[in-house]
Amino acid sequence: MADQIPLYPVRSAAAAAANRKRAAYYSAAGPRPGADRHSRYQLEDESAHLDEMPLMMSEEGFENEESDYHTLPRARIMQRKRGLEWFVCDGWKFLCTSCCGWLINICRRKKELKARTVWLGCPEKCEEKHPRNSIKNQKYNVFTFIPGVLYEQFKFFLNLYFLVISCSQFVPALKIGYLYTYWAPLGFVLAVTMTREAIDEFRRFQRDKEVNSQLYSKLTVRGKVQVKSSDIQVGDLIIVEKNQRIPSDMVFLRTSEKAGSCFIRTDQLDGETDWKLKVAVSCTQQLPALGDLFSISAYVYAQKPQMDIHSFEGTFTREDSDPPIHESLSIENTLWASTIVASGTVIGVVIYTGKETRSVMNTSNPKNKVGLLDLELNRLTKALFLALVALSIVMVTLQGFVGPWYRNLFRFLLLFSYIIPISLRVNLDMGKAVYGWMMMKDENIPGTVVRTSTIPEELGRLVYLLTDKTGTLTQNEMIFKRLHLGTVSYGADTMDEIQSHVRDSYSQMQSQAGGNNTGSTPLRKAQSSAPKVRKSVSSRIHEAVKAIVLCHNVTPVYESRAGVTEETEFAEADQDFSDENRTYQASSPDEVALVQWTESVGLTLVSRDLTSMQLKTPSGQVLSFCILQLFPFTSESKRMGVIVRDESTAEITFYMKGADVAMSPIVQYNDWLEEECGNMAREGLRTLVVAKKALTEEQYQDFESRYTQAKLSMHDRSLKVAAVVESLEREMELLCLTGVEDQLQADVRPTLEMLRNAGIKIWMLTGDKLETATCIAKSSHLVSRTQDIHIFRQVTSRGEAHLELNAFRRKHDCALVISGDSLEVCLKYYEHEFVELACQCPAVVCCRCSPTQKARIVTLLQQHTGRRTCAIGDGGNDVSMIQAADCGIGIEGKEGKQASLAADFSITQFRHIGRLLMVHGRNSYKRSAALGQFVMHRGLIISTMQAVFSSVFYFASVPLYQGFLMVGYATIYTMFPVFSLVLDQDVKPEMAMLYPELYKDLTKGRSLSFKTFLIWVLISIYQGGILMYGALVLFESEFVHVVAISFTALILTELLMVALTVRTWHWLMVVAEFLSLGCYVSSLAFLNEYFGIGRVSFGAFLDVAFITTVTFLWKVSAITVVSCLPLYVLKYLRRKLSPPSYCKLAS
């Protein structure tokens, strides 16, 4: 019978004719007959012949201008590009990756996931082998740790290059110095990396061991036994106590709660902080004792494992009853792993374990984000490698290719290898850690958490900011503001009138019920005693408030009084309902706001379980209602409903509420709903339409029969259930329209203004309706009051999108507002053109956006503009957008921590993003740019000195400095001053916040570009040449004097260059300068005996008598001054003649 339920609603002939007429207008071809597609609220699109519509759009009925660049044949250009050029650049990578992936898939041979039959308490009856219920987050094991870490390091070309260079020192013919000269820096980098990986791996092992070793009670024929979480199998009956983690995916069989339901916390699974109500299988809940689970013959048929945590299809069957009992299972009957039991004790049968659980299947490794600064440094490093090879070839060429020239070439590669600094990555990683620490310690943005420490510089390069609305720009704290009944509207200042109407209605009902028990219902009697006008308004208010307080998924929770117990008690009908200790639990803040409002006007929800609700009237009377059916809210239906029976009158009523777009076709004809929805949305209110329908007992029984059959179907269950429910959703009586306000967060307006002045374009992506999104955009000053707004009209086909894009193209300097459906059509046919037009707008608002669309918009901006994007949100629907962006920011809000946990940076309020970007982002980028260039300068200058030295001595491949000189130069002699640049800042934080225009300069990338790189190369060549030639000219009698003079001048030059670059001194910078100088001076004395005199090494120039003379000091000073003074003069003149922006502000 269930399979006979129609899957799709029948389309009217008029609708089909209108659709054909529309298609005929937009193309010369006739309408294409085809199968109907299930879409109740979307206009159908004849996609087949739309694909045939030419881009030139020259058919009759279209306007085509010469300036219309939408008509460019871009497809042909892209097709030509995918030729030999594509294969040489990227095609071979794609082909190799595809082949490797194919081979890996063949080797792994993943087991196909299938549906399963699980017998209660009988794991041995499982037909197939299921994975162990163990959690493993470790990347390596004991045997693969060292090979794995080494592979991760040496898969990068530069690290592999340093390994080859270091290994070459084992070849006698290529050896040019001590082994530790090359192996010490490489070993240090590897040691730091392996230590960090080992610590992280050990922490993962400890966490996995702790989770896998948790003990649970397993129910067996002989009683309860303790079992580890990792030993749980499919079919086991597991008992989970309150506040205990659920170890695997289970079907909920029994609970200690009388209501047959329990609450669970899912914040670790979906990030939502609201408790979820779960319902036990009625057949097993009704068993007298726990041990009776083994006295019945029952099984669960479960669908194959899948990722969707919000849906489940299955059946429960008891075979030993007559007739057999069949119950449908849905998401409300499941207990997913990694959730927490919040009330009572639950018993469930395990259906999925290990990697087949929903939590594990939804755990994916997010993409490894690489910052733009790292990519730029990689490009510069590749340029340095080319310079290294070119310089070595030049030296060999000038040498005349004498002897074994290839050996000399390799030796020159070794001598000049310091051009590519191996310490660059270590310095930058340590700098990123410092930036993250500064962000988290900033008292002006408390609660900030840095979860991805590799991309702090991205915060200083952003061009596009994509933000959610609810909970991000707004507080997600809902306040009931407006009730509209069609003819009268009640606002915040007239709520006392509603309260008076409700109180009068129930007092008259009570008096009439006590005075006369025959005739009409109490409500009708109450109405008949009132004047005609008053009766109509009072009746409508009463029905509206009653519908609001009955149609929801809210559960009142009563906390026991202090000093008794900490257990949470749930209200029962016969207990004393206290307003003091009652709180409401629901999956949406809107629901709670509505129920709290009904409480404020006198009608209070005091109790709710699976089958009943109790309401308390203003006089204290308790009204009972039986819940017959509940239809929860889904993102597809955009509405929820409930069927209840009034126990005092036995009347059955179907209540429903939802979004206006979903409810408009359902309710009876009216002339005010659409207009008032628009009015409320323009005020920034979130609207819900409330309706009802009275049912007879026969109508309900017929519906229940069809609904039960649909729920038992294992194929297309959701479609069949929707079809049955839709048969009930016809000609419903419109009761009221509610408006709930979500207030803006603190300082949203100045923050958005600051971001706009910083050159950041802001796009708001929200799932809310167009009017509400537009109103919030105006009230938050996302769109200034002087700017025009172009509302992209609804389009459903390629032709309509073409015409609307042409109309939009003629607009200038106006904000764009577009719905998700229109956006989908535009991206399908005119992706490049739409993005190009949208990027020219000062602001863009996308409403009715799905999470997938949000992520796609981020990806499109990255692909089409090449600029850095940032996404910020607070809910689970923002996670995909946050992970797709170059920089993701999560806000810990009312909707939980899922967005915060998935983001790269976590903040507590939207206004904190201003300081995060203007101060920390800007400083991080400028500091890393200076640090990277200084580290490269440090390698370039010593390589220049080596080149000069070799050229002077007949291009001999002999090292100028050896041993500890090279190691000390890259570490203790210069590392601290150079690294102290991470504390430098050009302007004070207050100045950066006051003048956000300073941020705009960073998007051009001038702090680290090929121009600045070439300037530093020229500086290095100049200084290296001066230091080396100066030492050669001024040395006296021995060669060791050349080494002593040049190396000492080199160290002083590096220290002075750091001092000349610093713009704001920090006391740690001063300490670093003097510490490095002190280390160098002290090493002259302590290492004198360690190196032999007479060798070209560190000890060779330790002629104490020479280095303590005035001659040595003035020669070193002269060379240092000549190498640094001209640069200082040029810098001074530049700041006077063409000062940068920060200098103008500082002055």
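Here the Cβ of each residue, glycine as well, is placed from N, Cα and C on the backbone.
The transmembrane segment annotation in Swiss-Prot covers 147-168 (among others). Sequence-distant contacts of the transmembrane segment (147-168), counting only residues of its own chain at least 6 positions beyond either end whose CB sits under 8 Å from a CB of the stretch, comprise 139-140, 174-175, 182-183, 185-186, 189-190, 193-194, 197, 381, 385, 410, 413-414, 417, 420, 422.
For 169-173 (among others), the entry in Swiss-Prot reads topological domain 'Extracellular'. If you look at the topological domain 'Extracellular' (169-173), the same-chain residues 6 or more away from its ends with a CB under 8 A from one of its CBs are 179, 181-183, 407, 414.
For 174-196 (among others), the entry in Swiss-Prot reads transmembrane segment.
If you look up Swiss-Prot, you'll see 381-401 (among others) marked as transmembrane segment, on the strength of sequence analysis.
Residues annotated as topological domain 'Extracellular' in Swiss-Prot: 402-409 (among others). When the topological domain 'Extracellular' (402-409) is classified with DSSP, helix, strand and coil residues number 5 helix, 0 strand, 3 coil.
Residues annotated as transmembrane segment in Swiss-Prot: 410-431 (among others). Among residues of the same chain six or more beyond the transmembrane segment (410-431), those with a C-beta under 8 A of the stretch's C-beta atoms are 158, 161-162, 165, 168-169, 174, 176, 182, 185-186, 188-189, 192, 374, 377, 381, 384-385, 387-389, 391-392, 395-396, 454, 927-928, 931-932, 935-936, 938-940, 942-943, 946-947, 950, 957, 959, 966, 970-971, 975, 978-979, 982.
What Swiss-Prot lists as Mg(2+) binding site is D468, T470, D874, D878. In this structure, T470 (Mg(2+) binding site) belongs to neither helix nor strand by DSSP; it is coil.
For the recorded site, F633 (ATP binding site), the DSSP three-state label reads coil. For F633 (ATP binding site), applying a Cβ distance below 8 Å and a minimum sequence separation of six or more within one chain yields N553, S587, S588, R639, M640, G658. The ATP binding site annotation in Swiss-Prot covers 468-470, E591, F633, K638, K657, 686-687, 766-768, R848, K854, 877-878.
For D468 (Mg(2+) binding site), applying a Cβ distance below 8 Å and a minimum sequence separation of six or more within one chain yields M764, L765, T766, I872, G873, D874, G875, N877, D878, M881. Annotation source Swiss-Prot lists active site, 4-aspartylphosphate intermediate at D468.
Per Swiss-Prot, the feature compositional bias 'Polar residues' maps to 505-530.
Among the features that Swiss-Prot reports, transmembrane segment is placed at 931-951 (among others). Cβ atoms under 8 Å from those of the transmembrane segment (931-951) belong to residues 373, 377, 380-381, 384, 388, 391, 395, 398, 412, 415-416, 418-421, 423-424, 427-428, 431, 957-961, 969-970, 974, 978-979, 981-982, 1008, 1012-1013, 1016-1017, 1019-1021, 1023-1025, 1027-1029, 1046, 1050, 1053-1054, 1057-1058, 1061 of the same chain, restricted to positions at least 6 beyond its ends.
Away from its own ends, the topological domain 'Extracellular' (952-963) comes close to residues 176-178, 180-181, 395-396, 398-399, 408, 411-412, 415, 942, 945-946, 969, 1028, 1032, 1043, 1046-1047, 1091, 1096-1098 of its chain (Cβ-Cβ under 8 Å, at least six residues beyond either end). Annotation source Swiss-Prot lists topological domain 'Extracellular' at 952-963 (among others), citing sequence analysis.
According to Swiss-Prot, the transmembrane segment annotation covers 964-982 (among others).
Counting residues 6+ beyond its ends, the transmembrane segment (1013-1031) has Cβ neighbours under 8 Å at 380, 383, 933, 936-937, 940-945, 947-949, 952, 1041-1043, 1045-1046, 1049-1050, 1053, 1115, 1118-1119, 1122-1124, 1126-1127 in the same chain. The feature transmembrane segment is assigned by Swiss-Prot to 1013-1031 (among others), with sequence analysis given as support.
Annotation comment: Swiss-Prot describes 1032-1038 (among others) as topological domain 'Extracellular'.
What Swiss-Prot lists as transmembrane segment is 1039-1061 (among others), and the listing cites sequence analysis.
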Residue pair G767 (ATP binding site), T470 (Mg(2+) binding site) - Cα distance, angstrom, rounded: 9
Near the transmembrane segment (1106-1130), which same-chain residues lie under 8 Å Cβ to Cβ, leaving out any that are not at least 6 residues past its ends? 1019, 1022-1023, 1026-1027, 1030-1031, 1034, 1036, 1041, 1044-1046, 1048-1049, 1052-1053, 1056-1057, 1060, 1084
Note: vs the transmembrane segment (174-196), the recorded stretch with the largest number of Cβ pairs under 8 Å from 381-401, 964-982, 1039-1061, 1068-1088 is 964-982
Give the sequence-ordered list of residues that share a chain with K657 (ATP binding site), lie 6 or more positions from it, and have CB atoms under 8 Å from its CB. A547, I548, C551, R639, M640, G641, M663, L688, V689, V690, A691, T738
Excluding the flanking five residues on each side, which residues at least 6 beyond the ends of the transmembrane segment (1039-1061) place their CB within less than 8 Å of a CB in that stretch? 930, 934, 937-938, 941-942, 945, 960-961, 965, 969, 973-974, 977-978, 980-981, 984, 1023, 1027-1028, 1030-1032, 1069, 1073, 1076-1077, 1080, 1096, 1100-1103, 1106-1107, 1112, 1115-1116, 1119-1120, 1123-1124, 1127-1128, 1131
Remote residues contacting the topological domain 'Extracellular' (402-409) - C-beta distance under 8 A, at least 6 residues beyond either end: 173-174, 392-393, 395-396, 957
Taking every residue in the topological domain 'Extracellular' (402-409), what is their average pLDDT? 81
Could you tell me the C-alpha distance between T687 (ATP binding site) and T470 (Mg(2+) binding site) in angstrom, no decimals? 14
